[in-house]
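If you check TrEMBL, you get these features:
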TRANSMEM  57-80  transmembrane segment
TRANSMEM  92-113  transmembrane segment
TRANSMEM  133-151  transmembrane segment
TRANSMEM  163-184  transmembrane segment
TRANSMEM  196-216  transmembrane segment
TRANSMEM  236-260  transmembrane segment
TRANSMEM  272-299  transmembrane segment
TRANSMEM  319-338  transmembrane segment
TRANSMEM  358-380  transmembrane segment
TRANSMEM  387-410  transmembrane segment
TRANSMEM  416-439  transmembrane segment
Amino acid sequence: MLCKIETNKKFLKTLIVIVLPILLQNVISSSLSFIDMYMVAQLGETEVAAVGVGNQIYFLFLILAFRLADGVSVYTAQFWGKKDLEKINTTLGIGIVFAVLVSIVFSTLIIIFSKDIVSIYSKSPQVIEMGTNFTRIVSISFIMLALTQVYSSMLRSTKHIKIPVIASIIAVVLNSVLNYFLIYGRGIFPKMGVEGAAIATLISRGVETIIVLGYCKKCPIIGSLKEMFKFTKIQVIGYLKTTIPLVGQGVGWALGVNMYSAIYGNISTESFAAYSIAGTVERICLIVFTSIGLASSIIIGNSIGSNRNDIARNYSKKIISISGVLALVVSALVILLRNNIGEIYNINLETKTYLNNLLFVMAIILIAKAINIVFIMGILKSGGDTFFIMLVDIGGVWLVGIPIALISAFIFRLPIYYIVALVAIEEIVKMFCCFYRFFSKNWIRNLTEIEQKSIEN
């Protein structure tokens with residue numbers, strides 16, 4: 001009994017030590033969009049809707065960058081458990097190549113077709129004009145964002161988290177200061193409104209990238225560019241086999257989320273403004289579970305890489321239990337504070353009513369979402385079970401959630417908070433699928449052994 005208690009204490013200590021820096025970094029990074037939304041909200045509903053549209057497109061690329069970085073982290077966590085620094089460096093090199101290529105293509109397409117894309121989300125000429133300008137400016141930062149995510153994922157997986165956290169803190173402070181001057185036109189700066197928020201975000205991301213890359217040049221576990229780009233065809237194929245399903249899952253899911261936004265944006269400007277604010281609040285609440293998921297992918301990935309599968313499963317059960325309890329606490333806090341959240345923003349009474357109801361609905365849904373995040377971003381991903389992740393996430397969105405949203409919005413014409421409540425069926429279905437997969441034990445794959453066998457053959 002005493003041995004078991006000591007083991008649990010050791011596990012909790014390890015989890016907390018890894019979660020806290022990741023949580024801090026995620027809170028700080030996510031604050032960039034929250035700060036934009038808060039400061040722009042002082043200008044009115046049209047500006048809020050425009051930034052909301054821009055953030056949805058930004059969110060789509062962010063998911064893509066995360067998934068490219070996830071491919072790096074899955075391998076890095078297992079190679080770190082095996083203490084194979086050479087393979088960690090070549091995996092990083094592969095991630096850098098794909099991050100640069102994908103971000104250049106994505107940025108170019110967004111810049112060229114930004115007006116057409118923004119028009120999907122709103123029919124308001126003012127929202128389209130502002131959203132287009134915001135999106136074009138922010139899209140320039142995509143290559144910096146992708147590189148930062150790839151390097152940060154490698155640093156997290158090897159438990160080197162200090163510099164990414166510091167870089168995020170500096171970026172958010174800088175973004176806040178620049179927002180104040182550029183959005184409202186303080187001092188020598190002209191009043192730029194939505195465009196000012198975009199420029200502030202662009203500069204902040206650039207500074208963050210410079211800091212992270214500067215540290216990585218001196219990091220002892222990171223080799224030279226020559227060592228990083230010494231990867232083989234077999235390694236590239238292995239990375240793609242793991243990462244393509246993650247990219248497919250991320251893009252498919254993010255497109256689904258954007259489809260939800262397009263549906264809600266065509267209900268009314270007030271509905272979409274409320275949804276944009278509520279969505280920002282929800283993302284902030286889910287940061288803790290994203291952090292737990294990322295931390296668990298490191299802990300469990302290290303265990304799988306060192307061939308300790310029983311320990312990996314045991315750790316997973318504990319993480320699921322902890323996440324469930326925390327989800328209940330966060331959900332209760334959102335319900336209690338939802339009226340106060342509405343008072344922060346300069347929005348009319350109708351928008352506040354929508355926001356209040358949406359926050360209540362989202363608080364209830366949050367419990368299932370939190371469990372799913374920990375499964376998908378942590379436990380199942382750490383085992384290399386990326387194809388299942390793709391199936392369950394894309395299937396949940398496109399086969400369950402979106403059909404419900406379309407029917408509820410355009411046939412029954414329900415208020416937005418009822419639509420969001422019905423769409424929650426998607427999360428329930430996904431949660432049951434994840435539990436079934438976990439208890440089947442088919443999610444654990446030692447990628448280091450699979451790669452070694454491929455080389456030998």
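A Cβ is built for glycine as well, from the same backbone N, Cα and C atoms used for every other residue.
Curation plays no part in TrEMBL annotations; they are all automatic predictions.
Note: the stretches the transmembrane segment (272-299) and the transmembrane segment (57-80) are in contact (3+ CB pairs below 8 A, sequence gap of 6 or more). Panel annotation: around the transmembrane segment (163-184), residues 21, 24-25, 28-29, 31-32, 35-36, 39-40, 43, 148, 151-152, 155-156, 191-197, 199-201, 203-205, 207-208, 211-212, 215 of the same chain, lying at least six beyond its termini, place a Cβ under 8 Å from a Cβ of the stretch. If you look at the transmembrane segment (236-260) against the transmembrane segment (133-151), you find fewer than three C-beta pairs under 8 angstroms, all six or more positions apart, and that falls short of contact. Counting Cβ pairs under 8 Å to the transmembrane segment (57-80), the stretch among 92-113, 133-151, 196-216 with the most such contacts is 133-151.
Cβ atoms under 8 Å from those of the transmembrane segment (196-216) belong to residues 32, 36, 39-40, 51, 54, 133-135, 137-138, 140-141, 144-145, 147-148, 151-152, 155, 163-164, 166-168, 170-172, 174-175, 178-179, 181-185, 189, 222 of the same chain, restricted to positions at least 6 beyond its ends.
The list of residues near the transmembrane segment (92-113) in space but at least 6 beyond its ends in sequence, with Cβ under 8 angstroms from a Cβ of it, reads 57, 61, 64-65, 68-69, 71-72, 76, 135-136, 139-140, 142-143, 145-147, 149-151, 153-154, 222, 225, 227-231, 235-236, 239, 243.
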